[in-house]
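Below you'll find the structure I mean.
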Amino acid sequence: MTADVLKALPPDVRTLKLSGHVGFDSLPDQLVNKAISQGFVFNILCVGETGIGKSTLLETLFNQKFDFSPSNHDLTDPKLKAVTYDLKEANVKLKLTVVETCGYGDQINKENNIKPVVDYIDNQFENYLQEELKMKRSMQAFHDTRVHVCLYFIAPTGHSLKSIDLVAMKKLENKVNVIPVIAKSDTITKSELQKFKARILSEIQSNEIGIYQFPTDDEAVSETNSVMNQHIPFAVVGSSEEVKINGKTVRVRQYPWGSVQVENENHCDFVRLREMLLRVNMEDLRERTHGVHYETYRRQRLIEMGFRDDEKMSLQETYEKRRELQRKELQQKEEEMRQMFVQRVKEKEQVLKEAERELQTKFESLKKTHAEEKKKLEEKKRFLEEEIAAFERRKQLAEQARQGNLTMKKRK
């Protein structure tokens, strides 16, 4: 099979027709296989009042029972809890991190309710940045906890957005992809819901709040996303209760007057949210988090560290240059430490040699003293042996003289 060559090339690039199969047409398959083997990461932040249905909606979205501990209304300050799960669907692995607010909106003074949320998002950006700045970094092994999407839960009042909602979404707009959802939308009528949606969009636009819009520049999904953008904010219902209707198991919320089917688009926008969030635009959320929100944070932090854009050099070039300087400084420090270590080793060797010489001198002195003492003892021994020999000779002479005297006496 002959590979096709793209024709949209600059004029100075030659177009060649392959005479046979080469094999680089398998590159997309290689990328897909590599991505599947590594798995994917997706992090969701749910911001909303206590008991508004955050946990239930997440469990409905992923058709999975999560171990969420219930929150209470007694917290003095809002807190966040994050739980990570490893999910698998058709050999595709997903490391899902779910972050929920606890005690959000329960305080009398709600002025700083959103601060812990903003701090959490910034902390995840900072963790990723510090990993990037390491001399020996391993981004593939690093667990990326940057928030890819924030589902902002709006209470179904049917009137308008609360001031806390406007302030919160305004502070989050440049840090995370914000998707507003109307929680427990089955508690208001259809006509009220449509008016409520229109009022929410009007207030968001009048306050110039930037919420996430599904991208329409990709021809493959532009039509679908354009239609779905008109349904924002999504009116959702979550439920873990399942019943059989016409022989089919469906998730519902049952009331004395009837039931609401979670996955019925005539009843709520849950299916639309799931389609847009997980099945169509998950990768765009991930890319936008990295390419827009994280880059904004990264640029600001690098400027704080002393990296600045100028006419001659871009921020990225400045960053790379400063990183290269840091690498050289580190190498220089390593060389200085090595030289210092070598010098200390030499000094220690010199001390050991001096001590060895002193020991050798003492050994030679003791050896000489020992030889002299030995010589003296040998001389004393020789002198004593000579005295003993002389004594033996005198003794023999005396004995001979005594024998001679005895012989003469007998003869007389």
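Positions of Cβ are set from backbone N, Cα and C atoms, glycine also.
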For the region 'G1 motif' entry in Swiss-Prot, name the matching range from 48-55, 304-311, 328-335, 368-375.
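Checking Swiss-Prot against the ranges 48-55, 304-311, 328-335, 368-375, the region 'G1 motif' one is 48-55.
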Labelled region 'G4 motif' by Swiss-Prot, one stretch among 135-138, 183-186, 299-302, 359-362. Can you tell me which?
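Swiss-Prot lists region 'G4 motif' for residues 183-186.
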Which residue range, 20-23, 72-75, 100-103, 404-407, is the one Swiss-Prot calls region 'G3 motif'?
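In Swiss-Prot, residues 100-103 carry the label region 'G3 motif'.
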What are the DSSP helix/strand/coil residue counts across the region 'G4 motif' (183-186)?
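Counting residues by DSSP class gives 2 helix, 0 strand, 2 coil.
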Would you mind reading off the Cα separation of S185 (GDP binding site) from N405 (N-linked glycosylation site), to the nearest angstrom?
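The Cα atom of S185 (GDP binding site) is 155 Å away from the Cα atom of N405 (N-linked glycosylation site).
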Mind telling me which of the recorded positions S55, S185, T187, Q254, N405 has the densest Cβ neighbourhood, counting other Cβ atoms within 10 Å?
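In terms of Cβ crowding, the pick is S185.
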Within its own chain, what residues at least 6 apart in sequence put their Cβ under 8 Å from the Cβ of G53 (GDP binding site), listed in sequence order?
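Listed in sequence order, they are F153, A183, K184, G238.
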